[in-house]
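Asker: Questions regarding the structure given below will be posed in turn.
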Amino acid sequence: MKDQQRYYKLYSTLLKNSKTRIVLFSNLTLSFFFTVKIMALKQVSSNKCFEGFQKVFEHDSAELKCKMKFGIYLPPKAETGKCPVLYWLSGLTCTEQNFITKAAFQQAAAEHGLIVVAPDTSPRGCNIEGEDESWDFGTGAGFYVDATEEPWKTNYRMYSYIKDELPKLINANFPTDPERMSIFGHSMGGHGALILALKNPGKYKSVSAFAPICNPIQCQWGKKALGGYLGPDASKWEAYDATQLVKSYSGSRLDILIDQGKDDQFLSAGQLLPDNFIAACTERKVPVVFRLQQGYDHSYFFIASFINDHIKHHAKYLNA
C-alpha cells in the first residue's frame, strides 16, 4: 500500500508539469509501470496583438500520425488567470493561417477574454497516393471525420483529433478552463463545428457557423468526401451530417447561430443546403438563429464582417 501511495504521489506531482503526460498501468499485484511522454510543442511564430499574443505551434499528432500546426490567440487575461477556449474549424483548402490572418477576431477575443484555437484542416505530408490530386478531398479537406477506408483511415481522423487530442494538448500547455469550451467554423469547418456539438451534448457551451455545409449526404462535396473516407454505404455517412444528427438530438439546450451570405456561389450551387438543417431544427425545437446576409459571398470578407457577433455569441455562454 505504501508503494501504491508513493506512485500516486509521483503521478500527481508529474501531472502538474504541463509538458508531461503519464500513462499508468497496473496488474493484479498492484505493480505500477509508467510510460512518460513529453508533449512537445514547437513555437513557430508569436506576434503581440491587442495586448495578447497570436501564436502558432507545431506538434506531433498521435491521432493523425503526422506533424500538425495550430494557431492560438492568448488574450491579455491569460497572463493572470484561466480563460475559456473557443475552437475555430476552417474550410476546404485552408490551413491554420487563413483564420488568424484574415478574420480579424483578435480584438473581440481580447475584450471578452477568450483563448481562440485554430487548427489545420487535415493531415499533411502523409505520402498517401492521391492525397494532393484534388482541392476538395485529401490534403486540406479532412472533413472532420474519422476515416474507415484505406488508405485514409490511418491518418485522416480529424474528428477524434478535434474532439480529444487537441483539447488535451491545449489544456495541458495553456491557461485554460477545460469546463468552458465552445466551437465554430466556416463551410467545411461549419459542418465540423455543428456535428461535433450535436454528437457531444454538453461538451461545448455554444456553437456557431459561417456558411456551413449543413447536409453533406445530399451535396456533391459531401458525397465525394464521405464516400471516399467512409465507404459506399451511405447510411454510415449520417453520423457526420448535421441535418441528420439534429433529427435525433436530445441533449442539453444548444443555441445555434448561423450566418449565410445571400450571394454565396456555393449556396446557389446546392452545396450548403441550410434550409434542410433549419427545417430539421424547427421540427425538433432546437433553437437556431439563421441570418441571411444580403450581398455577402463565401469569403473571409464575409467572415470578418460578422465575426464580432459570433465572438459575442460564444462569450455569452463561456463567461456566464
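Any Cβ shown, glycine's included, is placed from N, Cα and C.
Residues annotated as transmembrane segment in TrEMBL: 21-40. Taken from TrEMBL, the feature active site, charge relay system covers SER187, ASP264, HIS298.
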Asker: Report the same-chain neighbours of SER187 (active site, charge relay system): residues 6+ apart in sequence with Cβ closer than 8 Å to its Cβ, ordered by sequence.
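Answerer: Listed in sequence order, they are GLY91, LEU92, PHE210, ALA211, PRO212, ILE213, PHE266, LEU272, HIS298.
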Asker: What are the non-local neighbours of ASP264 (active site, charge relay system), defined as same-chain residues 6+ apart in sequence with CB under 8 A from its CB?
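Answerer: ALA211, LEU272, TYR296, ASP297, HIS298, PHE302 - these are the non-local Cβ neighbours of ASP264 (active site, charge relay system), listed in sequence order.
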Asker: Hey, what's the Cβ neighbour count for HIS298 (active site, charge relay system) at 10 Å?
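Answerer: For HIS298 (active site, charge relay system), the 10 Å Cβ neighbour count is 21.
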